[in-house]
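A.B. asks: I'd like to ask some things about the structure below.
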Amino acid sequence: MDTKLGSLDACKPACSDMCSPANGTVSTIQGTVAPTVFNSPDATLGRHIARRLVQIGVTDVFSVPGDFNLTLLDHLIAEPGLNNVGCCNELNAGYAADGYARSRGVGACVVTFTVGGLSVLNAIAGAYSENLPVICIVGGPNSNDYGTNRILHHTIGLPDFSQELRCFQTVTCYQAVVNNLEDAHELIDTAISTALKECKPVYISVGCNLPAIPHPTFSREPVPFSLSPKISNKLGLEAAVEAAAEFLNKAVKPVLVGGPKLRVANASDAFVDLADASGYALAVMPSAKGLVPEYHPHFIGTYWGAVSTAFCSEIVESADAYLFAGPIFNDYSSVGYSLLLKKEKAIIVQPERVVIANGPAFGCVLMKDFLKALAKRIKHNPVSFENYHRIFVPDGHPLKSDPKEPLRVNVLFQHIQNMLSSETAVIAETGDSWFNCQKLKLPRGCGYEFQMQYGSIGWSVGATLGYAQAVPEKRVIACIGDGSFQVTAQDVSTMIRCGQNSIIFLINNGGYTIEVEIHDGPYNVIKNWNYTALVDAIHHGEGKCWTTKVRCEEELIQAIETATGAKKDCLCFIEVIVHKDDTSKELLEWGSRVSNANSRPPNPQ
């Protein structure tokens, strides 16, 4: 019977060139599955979960086994088309599902009760903050133990088993506790559907004694159903477009700025259409890098206040009107609340709401619909881009290195820039890599991801694993600081086991550099590791892995030639040793402003 889980346009990955399917939407697998018969080995809860994951496009699930989820894992790995990726710890399994969801549009992880659930919780919180549908499945207690006074292992020693559930309630959009088979079908389908509609994680706990039991509700493929698409209020949409067009058409030098919620609104293409129609200068907020094509003729770079791309902030902040599509204004993106923007000049377009200057506001208006309709009503006005073009001065180049001179970070990223193509993707770890990677110019089809809202150090190791597993046709280039790597280093092991060929640049500068620039102290200095020797020990002669240390530009050039040539099929780990004070100028500026925001005295009581 043909099965489908709906029209899931809401969760569009960052770059349609690298998605599966090719149009970038998370459409469901419209496959024909042979009907299963009740009491057959396939008519079980475990196989139903597995089939649903495959139907929505999940072909890899990231897991850590524990006694409460072992039977469930048996049924997941029995499903054709579903691959189990065993991770070294639950935190990395969650980060991997996060990275996977950024490319595929949805990801999944499986852990055990409480000790696994609370370990993965930090990663799920990050996915929630970044609007990523991650399905977190936990193997729970035996269904007979609910409502008793029994104390179980893997708990805090109380007969109340709801601690884990209560923790997940604040970082997921739906929670399902499956401890009987009568409503399991409904709970599972509702949870998955909610994740896809809301583009947020969900929590599913499955009693450890249930996955292998056949039940009539799983006896055949369910009647096809689809998720009802969200629809704009027609009158509200027309009014919002009319008001916005009037506001922008009377402006002299308006600009467009894309924000991170373009992803959840599936509105990147509509935003580009508006840029084409309007002729305005086009910028992105830092967390929207990769959502808007940087090869667009009117693209002027990243708007990040005082640490913007050269000449970008001057054009944006001097505009007499600006339209922000899907922005998030937090202390990091606003550089310590120092943006020089005025509300009366702004149109703020959120996924389902439009606010024009100090009013009016229009609810139940979908961003994609609004941008498409506005493109038809806007007057072509290239003044802001012409102003940018008039003042623009091309980027300089780093000073040429002397022979065997210690490697500088700006030289490193000049060479990383030359590695980028439609067949690569960049993962930028929290830290100075945020700022250095932000300056990379992404060619058509090149992916880019980082975690700005949550900013959890160590995220990139698991995210690199998950992203590379989702799009094996791309080579992931990960830029990771030494402090972040020490948090989650173990799952380099899983990358090797999965045969991935990512290139990891481990930037060894001896500490938490981003924290140093916010507030320095002895706690920001870390114990130095022999990172290449560590990865060699993890490799242990099994799988394909190549490591090297570089201290100067000559060694870096040789390392990149090897990684992209003779070792192109290997996981390549390049430890780059740089001076502890070698940071981007943007981090120096940003750090001082964020420090100032953090140190504001209490308001008078």
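Even glycines carry a Cβ here, placed using N, Cα and C.
According to TrEMBL, the protein has these features:
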- Asp482, Asn509, Gly511: Mg(2+) binding site (BINDING)
- 44-149: domain 'Thiamine pyrophosphate enzyme N-terminal TPP-binding' (DOMAIN)
- 241-357: domain 'Thiamine pyrophosphate enzyme central' (DOMAIN)
- 451-576: domain 'Thiamine pyrophosphate enzyme TPP-binding' (DOMAIN)
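Could you tell me the structural context for the features on the list?
C.D. replies: Counting every protein chain shown, the number of other Cβ atoms lying within 10 Å of the Cβ of Asn509 (Mg(2+) binding site) is 21.
Broken down with DSSP, the domain 'Thiamine pyrophosphate enzyme central' (241-357) shows 38 helix, 27 strand, 52 coil.
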A.B. asks: When you average the Cβ positions of Asp482, Asn509, Gly511 for the Mg(2+) site, which other residues in that chain have a Cβ within 8 Å of that mean position?
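C.D. replies: Sorted by sequence, the hits are Gly481, Gly483, Ile507, Asn508, Gly510, Tyr512, Thr513, Ile526, Lys580.
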